[in-house]
């Protein structure tokens with residue numbers, strides 16, 4: 001047995017065990033806080049602390065479940081790769097870093113998991129060794145460095161207090177102005193890791209990694225680390241300005257990602273932007289105070305998003321590494337099993353009734369309708385929901401229907417049983433996971449009382465979004481691309497509001513150009529004129545001038561004596 005199967009059975013067994021334990025913790029409301037003295041030397045001790053409650057155990061079980069299926073899926077997807085064992089070890093290191101982050105109530109150990117995620121994600125993004133992967137890896141690493149610095153500053157600031165265990169200070173953080181600095185730094189760290197505006201550009205760039213990594217990273221590990229950290233610090237968001245600021249940023253991120261996905265043609269980038277949109281949704285509902293609801297959507301989203309990426313990986317695998325949806329078409333005839341699961345995941349993403357996404361998204365929108373939010377935030381929530389249906393319908397229309405648009409030599413069929421097993425397992429979870437979790441997590445159902453038109457607004461927005469997606473995608477012979485009429489808007493929306501340009505060229509090229517301009521203007525310009533050359537010439541002229549006075553000529557001395565004598569004589573005459 002190779003590393004894939006051993007890791008699969010090991011992680012799956014631990015996942016099922018942790019899920020059952022988390023249910024016991026949830027029903028009995030248990031919390032275990034464990035301190036392990038790792039090293040003691042006289043009066044000094046190094047203590048590792050772990051926090052086990054139903055939230056950490058359930059999240060760990062989902063991370064391990066998806067990781068085990070991703071590793072099993074990789075056994076066939078990466079079978080032609082010479083370094084598959086190295087790949088599996090990197091994925092296991094990634095999972096270990098995530099688990100360290102989940103169970104840590106201490107900012108120091110959180111930083112270990114946080115930095116582990118950043119380092120291993122860089123290694124995975126540059127796994128396919130080419131220039132595009134190197135650029136994407138560097139953008140990912142440098143964007144996440146900002147969050148690492150914020151966490152380090154929070155650790156340094158907590159030196160003013162008694163401990164790095166943040167759970168001791170949560171009540172104090174929301175009331176004490178000095179402790180709110182820690183909250184602001186943690187929020188900045190979460191924004192970078194969960195790719196909120198203005199740190200969104202690294203998330204689509206990270207698609208340079210292998211597709212199994214994308215399924216793991218964008219469902220339950222890297223991008224959700226920041227969100228999970230904020231769920232732990234949720235009491236901070238009860239502060240007015242922090243909650244309002246986070247609501248605005250996450251709402252704009254959700255809207256920007258949904259808009260950008262409608263102008264994208266790369267299959268993996270569309271799903272990545274979909275992840276970004278759902279992260280914005282989770283962040284925004286968390287900033288309104290519904291941390292349990294955000295965690296619920298985090299778990300359901302992990303199921304259908306991992307399924308989406310696995311189906312996309314199977315399609316790319318069969319399309320000989322082509323990711324352009326314009327080159328696809330009629331895949332439902334060639335790959336019926338994969339496309340069926342792909343459609344289930346898409347419907348769950350859109351919030352189709354009784355699938356996983358419905359139980360969380362519908363409840364989120366109902367709670368938004370019940371809450372005191374302004375018109376702008378209300379518009380962002382519902383318009384972004386319509387955009388989700390729009391790009392999902394567009395994706396299905398381009399890839400599943402119509403005629404096949406690629407090479408006729410492509411031998412298209414469903415993948416082997418290894419990949420299909422992981423896909424089918426997640427498909428079952430995407431169907432039953434939402435209802436199961438809602439019954440387990442919310443023992444007391446929420447009382448929703450809304451007018452009929454507000455209750456039906458979600459359904460209306462979804463139908464309208466699907467219709468717009470159909471109209472955007474419906475092309476025929478002699479069709480004029482409407483996007484060309486609004487090219488500036490299309491370019492702006494399709495490039496994530498110019499954020500990748502600002503994050504790369506803006507950070508590198510413009511300072512370099514400013515430095516070149518300064519070098520030309522000052523160092524080789526006025527500084528050269530007023531600097532070395534000018535001083536040299538002036539000193540030379542002064543020295544020549546003084547040299548004339550020191551020639552020791554008797555005629556000059558007599559002349560100067562006579563001139564001064566005449567001047568003094570004239571002064572005496574004038575005075576008298």
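Yeah, the Cβs are placed from backbone N, Cα and C, and that goes for glycine too.
As recorded in Swiss-Prot, the features of this protein are as follows:
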type     : residues : note
TRANSMEM : 6-26     : transmembrane segment
TRANSMEM : 46-66    : transmembrane segment
TRANSMEM : 109-129  : transmembrane segment
TRANSMEM : 149-169  : transmembrane segment
TRANSMEM : 179-199  : transmembrane segment
TRANSMEM : 211-231  : transmembrane segment
TRANSMEM : 240-260  : transmembrane segment
TRANSMEM : 270-289  : transmembrane segment
TRANSMEM : 339-359  : transmembrane segment
TRANSMEM : 459-479  : transmembrane segment
TRANSMEM : 492-512  : transmembrane segment
TRANSMEM : 556-576  : transmembrane segment
Beyond the flanks of the transmembrane segment (270-289) by 6 or more, those residues with Cβ under 8 Å of it:
194-196, 200, 203-204, 206-207, 214, 218-219, 223-224, 227, 230-231, 234, 237-238, 242-244, 246-247, 249-258, 260-261, 264, 297-298, 301, 305, 308-309, 312, 325, 349, 361, 364, 367-368, 371, 373, 377, 380-381, 384, 387-388, 391-392, 395, 496
So, taking each listed stretch (46-66, 211-231, 240-260, 339-359, 492-512) in turn and counting its Cβ pairs to the transmembrane segment (179-199) that are under 8 angstroms, which one gives the highest count?
211-231
Could you check if the transmembrane segment (149-169) is in contact with the transmembrane segment (211-231), meaning 3+ Cβ pairs under 8 Å among residue pairs at least 6 apart in sequence?
no
